[in-house]
Amino acid sequence: MPIKVQKDLPAKAILETENIFIMDEDRALSQDIRPLEILIINLMPIKEETETQLLRALSNTPLQVDCTFLMLESHTSKNTSASHLNKFYVFFDEVREKKFDGMIITGAPVENMEFEEVNYWEELTKIMEWSKTNVTSSLHICWGAQAGLYYHYGVPKYKRDTKLSGIYRHRVLDRKVPLVRSLDDYVMAPHSRYTEVRRADIEKHQELKILAESKEAGILMVMSEDGKQVFIQGHPEYDRMTLNGEYHRDLDKGLNPEIPCNYYEDDDPDTMPVLCWRNAANTIYGNWLNYYVYQVTPYEL
Ligand SMILES: CC(=O)SCCNC(=O)CCNC(=O)[C@H](O)C(C)(C)COP(=O)(O)OP(=O)(O)OC[C@H]1O[C@@H](n2cnc3c(N)ncnc32)[C@H](O)[C@@H]1OP(=O)(O)O
Ligand SMILES: N[C@@H](CCO)C(=O)O
């Protein structure tokens, strides 16, 4: 419900057309209840799109959420303007002394590189280390999930033979866990990646639980037993048209991409993609905020 962002963030106008209640400096959140402070490390190149998607996913509970977007000092963004970043983003140094109720690390199109080759790897590892003491729960998406599993547990990623792209059905594996308890037995979610983490490597760590998995797409969700780390290898936050954009981009580049699986009516890319994962996305984000952030975070951060 009420979500607070900086004034003039482009996502605000889009989300208001969807009846999402957005606050800014001019119209503050209620001070009777401390808003949840969520830090978003946005590593996606087209950052404005991701801002809208994540704010939408975080807006489906009555909890008050105050979002801070973070950019990395060690990477100069080509695809998002400096003026947008300077206006709406902070550097790690500006928040290092603070504590946050939640943190999100997004995906990034760097999965074909070794982690250590990514120019912001060292800075990101500092943030992941800092989060152990300064963040109540962290949610990692796609490459962010692979990076978190590698940094915290040494879980490697592997190259797939072909790119995985489409909407896949995953079996929920442990209904006792609050993160997934209110999901249906099967959940749909988008995946879009060239690499994967594997069950056998995750199972070496007793404290990691695999919560949802698909025959075709592999692991969707993993969580540490204490709920401090949540890893989602897919993109539940993606919009209806996101995979369509990636497909056409790759087509235009001459990469001969496969049509995203289970996405267009009759696999016809000239039709409107069918949205069938939004409910699951809202439930996953709502459960994370409620059970792993709000219910366990200290009253005074
Ligand atoms: C696996 C997952 O997590 S999925 C998430 C990734 N998905 C997406 O990013 C979807 C949207 N992205 C895109 O459509 C494309 O990446 C585009 C169109 C924005 C750019 O594609 P290209 O022109 O081929 O590549 P380009 O040279 O601009 O680099 C793309 C991005 O790769 C990343 N990157 C490339 N090299 C490096 C590097 N050495 N270190 C760190 N990041 C790097 C950067 O994020 C860069 O974008 P940025 O500078 O705006 O942050
Ligand atoms: N989701 C990504 C995969 C690249 O890491 C894309 O197609 O842009």
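First residue shown is number 1, and so on along the chain.
Keep in mind that glycine also has a Cβ here, set from the backbone N, Cα and C atoms.
For reference, TrEMBL has these:
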SITE      GLU111  site 'Important for acyl-CoA specificity'
ACT_SITE  CYS142  active site, acyl-thioester intermediate
BINDING   LYS163, SER192, ARG249  substrate binding site
SITE      SER192  site 'Important for substrate specificity'
ACT_SITE  HIS235  active site, proton acceptor
ACT_SITE  GLU237  active site
Distance-selected recorded positions near ligand 2 (C-beta under 6 Å), from CYS142, SER192, HIS235, ARG249: SER192
Cβ-centroid neighbourhood (8 Å) of the substrate site, LYS163, SER192, ARG249 excluded: SER165, LEU243, GLU246, TYR247, ASP250, PRO257, PRO260
Entries of GLU111, CYS142, LYS163, GLU237, ARG249 (recorded positions) sitting next to ligand 1, with Cβ under 6 Å as the cut-off: GLU111, CYS142, ARG249
Rounded Cα separation (Å) that holds between the residue listed as 'active site, proton acceptor' and CYS142 (active site, acyl-thioester intermediate): 7
Subset of recorded positions (CYS142, LYS163, SER192, GLU237, ARG249) lying within 10 A of GLU111 (site 'Important for acyl-CoA specificity'), CA to CA, in sequence order: CYS142
Neighbourhood of LYS163 (substrate binding site), C-beta criterion under 8 angstroms, separation at least six: SER192, ARG193, TYR194, PRO257, GLU258
Sparsest-packed of the listed recorded positions (GLU111, GLU237) - C-beta count within 10 angstroms: GLU111
Diameter of the substrate binding set by C-alpha atoms, the set being LYS163, SER192, ARG249, in angstrom: 14
Recorded positions compared (HIS235, ARG249) - highest count of Cβ atoms within 10 Å: HIS235
Pairwise CA distance, GLU237 (active site) versus CYS142 (active site, acyl-thioester intermediate), rounded so that it is a whole Å: 11
Cβ neighbour count within 10 Å of the residue listed as 'active site, acyl-thioester intermediate': 27
Number of other Cβ atoms within 10 Å of the Cβ of SER192 (substrate binding site) across all protein chains: 19
